[in-house]
Structures are given as C-alpha cells and as structure tokens.
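Trainee: What TrEMBL shows for this protein is this:
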type	residues	note
DOMAIN	9-424	domain 'Enolpyruvate transferase'
BINDING	LYS21, ARG26, SER171, SER172, GLN173, SER199, ASP315, LYS342	3-phosphoshikimate binding site
BINDING	LYS21, GLY94, ARG125, GLN173, ARG346, ARG391, LYS416	phosphoenolpyruvate binding site
ACT_SITE	ASP315	active site, proton acceptor
Amino acid sequence: MVREIIPARAISGEVDAPPSKAHTLRAIIIGALAQGSTIIKRGLIAEDQIYAIKAMQQFGAKIQVDKKSNTITIQGTAGKPKAPKEAVFVGNSGLTIRFLVSIAGLAKGEDAVILDGVERMRTGRPVQDLLDALIPLGVEAVSINGNGCPPIKVKCGSFKGGITSLAGDKSSQYFSSILVAAPYAKEKTIIKTLGDLSSKPYIDVTIQSMKDFGVEAKNSKYESFEVKTGQSYKGKEISIEGDYSNSAYFFAAAAICGGKVKVNGLRHDSKQGDKFFINALEKMGCKVKRGEDFAELEAGKLKGLGEVDMNDFPDIVMPLAVVAAFAEGKTRITNIAHLKFKESDRISVTVNELRKLGANVEADDSSITITGISEGKNLHGALIDSNNDHRIAMSFAVAGLKVQGISIEKEEAVNKSFPEFFEEIEKIIQR
C-alpha cells in the first residue's frame, strides 16, 4: 500500500513511548526457556514478537496474548525446549532466527530443527559467523542452501558449551544468541571477541534481561563473555520499558518541523544505546530536557553534526540521516558496514531514497555523508520505496511532515515494530 504524508505546520504535545522491541523479544524468548510462569506487561505485540511467540510455542512453551492489555503470559519449558516437528518460520525477524539457532541446539529430540524466513532472510541476512562459532560448542548447524543464510538445519541436543571465538563486526545478535542459551549447556560457555564489536548496547540489554530472569553473564570489557552452567531462568512478572529506537521518530519530527514534543515512559537509566539519538539532536541545535521517565525536545536551528561514529547505534542511522538533510552543513555517519545485513541494505536504501528527495548524499561501504541545507529548502516530494523496512518507512514519513509530496510505498512495513506509528505520530502534529 501507498500512504501520502500530509505536511505538518509544527509538532506539539506529548506521547507515550511504544514498548521496547528489544526488551519484549528477549523477555518472550527467555520466559519461554524459564521455569514457571512469566507475565510480560506492556509488551510490544508486533510482527517480530508474534513470530517469536509462535516459534517458542513450537518449542514447547505455552503462551497466551492479550492484545487489549498488551500482556503476554508464558509457561516456560524449564530449559528443556522440545524439537518442533515442522519447520519454524520467523518472517524477517533476524533476532528470532539467530536466537533460535542456539536454542535449537538445546532442544530435546532425535532429529534436527529447520529454521526459515522470508526471501530477504534467505539471501541477505547471513548467520554463517554464528554457525561457525557454535561448532566448538558442539552445535551442528548448517545453511541448507550453502550461502550462510536461512534455512538453517540444527541438530537437536548438540549444545555442549565450551570456548569459542566470534567476529564482532556483523551482528551483536550472534553473541546474544549464544549467551541466552548458554545456562543450559553441559559446561560453562566462553565467547572471545575477534576485532571490534558492533552494537554493544544490545548485548547490554541481553545481559540485563538474563539477569532479570536470574542468570548471570560475565562481560569482560566486551573482549570476552562467560556464562556458567547450572544456572536457570526463573519465570517472573516484568513490565517492558519504553523504546528509544521507535521514539526517535517523534523527536526527529519536532527537530525537522519545529515545535516541542515530550515522550513519556523513557527510562533515563535505560541500557538502550539509542538514547544517543536525542544527544545527537541536542548537538545539532535542539534543546533537550531529560527526566527519570521522560525526554522532551524543543526544535532549534539545525546544523550538521560533523563526523559521528554510529557503530553502536545502527537502528537510528536512518532517522539521523533524514534529519541531517534538513540541517545546514555536513553530517558524516561512519562505521555502519553492518547495516547492509538488516531488513534491507540500509546504506544503499537510505542513500537512494534521500537522493529521490533531492538531498546531497554520498556513501561508501561503511559510511553515509549528507550535506544539508537549512530547513531542507533543496528537497522536494517523491514516492519513497520502504523496501519492506520498517525503519525506512518511518524515517521518510517524518521527512514528509516537512516536505510536500512525499508518499511511502509499502507503508505496512511499520507493522514489524510499531503498528500504531501513523496513529501515534498524528497525536503531536499541528496542521
């Protein structure tokens, strides 16, 4: 479907942050491995979460969802997931399939588990580094098509534990996958990091989620990680905090259109790395006020950010690039090679769609450079292809609040993480 974006006169008001996508997914998966009952309150119920829920049901967890109250109730498998009889399909949820590769190695069964996804997963979302890292831990897992991507075949009950090494430059989810399954291995598990580690805050979220359910994982300056065996997750009641990643679009809208927005439910002490987004907008000229459970942004005259390393914050690269197109001067976003392996090739897609609007953009394999003009006076309308990527759809919808004539093709992509996006952002728009 195509959605025409109607420009806003300004942004004003307050809105509740959507529930954290990262925290909800981890709570579902860990709760399904836990002993006893887990109640997830204020959970995000979107496409990725639904795929994760269905997958963990196939692995033996009993899960009920109340969409009216955003509550997910789980009866866990006590660390003994059962091997599904049929292939597990996870759509385009990269986290789910990566976590399941390790969990399938714990599954009780005589055969193997098949994990599969959409075409983008089969061609552009590799897991080979994870498969290789699991070999020293006893897990026999192969890419059926031989390209390092799903479908993946995993031998049941093969996760023994031990010591392995893993390159850190492609995805922190590979590390999180092993960490989450490791408490139920036969011996302690140690992961040694090779090279620089990207998206560190997401590993922080994983380790905190494990701790919330009663399991300790040792992080030695991101150079190695250790999980001792004999630990087990205990079911609990948990309330999901607000999502800085998806709240970024509210702040971006205010920065571009002018005005002020307050987003409630954002913890000041959150482990989420995407808190960085409001720091970046502050440096670009906006005024920011932070509270214990909210953040407020007032627009200012935007200026380019200069060079900014976004290795740890891949999910906010797209809204930052869009804001940069409305800021006077240059913004160079670096260290983002891993964006090629997301829901779309986010480097090329972001560049292509910005150029459709008339933006001055350059890129290479690991960076994007935007030379903006104040208030985006050089920009014009265009039909934006979301490439079925939720963050592309939301980022360019925000641009459409300032630039006349922007429409979003495949706007339903927002259902992956923020189904209510268009309704929620409408609450703060003045026309």
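The backbone N, Cα and C atoms fix where each Cβ goes, and this holds for glycine too.
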Trainee: Do any of LYS21, ARG26, SER172, SER199, ASP315 (binding-site residues) have a CA within 10 A of GLY94 (phosphoenolpyruvate binding site), and if so which?
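Mentor: So far as Cα distances go, none of the binding-site residues lies within 10 Å of GLY94 (phosphoenolpyruvate binding site).
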Trainee: How many other Cβ atoms are found within 10 Å of the Cβ atom of SER199 (3-phosphoshikimate binding site), counting all protein chains shown?
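Mentor: Taking every protein chain into account, the count is 22.
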Trainee: Compare the C-alpha of ARG391 (phosphoenolpyruvate binding site) with the C-alpha of each of the binding-site residues LYS21, SER171, GLN173, and give the closest one.
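Mentor: Comparing Cα positions, the candidate nearest ARG391 (phosphoenolpyruvate binding site) turns out to be LYS21.
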Trainee: Between the Cα atoms of ARG346 (phosphoenolpyruvate binding site) and ASP315 (3-phosphoshikimate binding site), find the distance and write it as a whole number of Å.
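Mentor: ARG346 (phosphoenolpyruvate binding site) to ASP315 (3-phosphoshikimate binding site), Cα-Cα distance: 10 Å.
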Trainee: Rounded to a whole angstrom, what is the C-alpha distance between ARG26 (3-phosphoshikimate binding site) and LYS416 (phosphoenolpyruvate binding site)?
Mentor: 16
Trainee: For the binding-site residues listed here (SER171, SER172, GLN173), which one has the lowest count of neighbouring CB atoms within 10 Å of its own CB?
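Mentor: Comparing Cβ neighbour counts within 10 Å for the binding-site residues SER171, SER172, GLN173 gives GLN173.
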Trainee: Take the Cβ of LYS342 (3-phosphoshikimate binding site) and count every other Cβ within 10 Å, whichever protein chain it belongs to.
Mentor: 23
Trainee: Quick one: of the binding-site residues LYS21, GLN173, SER199, ASP315, LYS342, which has its CA closest to the CA of ARG125 (phosphoenolpyruvate binding site)?
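Mentor: Out of the listed candidates, the nearest Cα belongs to LYS342.
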Trainee: Expressed to the nearest Å, what is the distance separating LYS21 (3-phosphoshikimate binding site) and LYS416 (phosphoenolpyruvate binding site) at their Cα atoms?
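Mentor: On Cα coordinates alone, these residues lie 10 Å apart.
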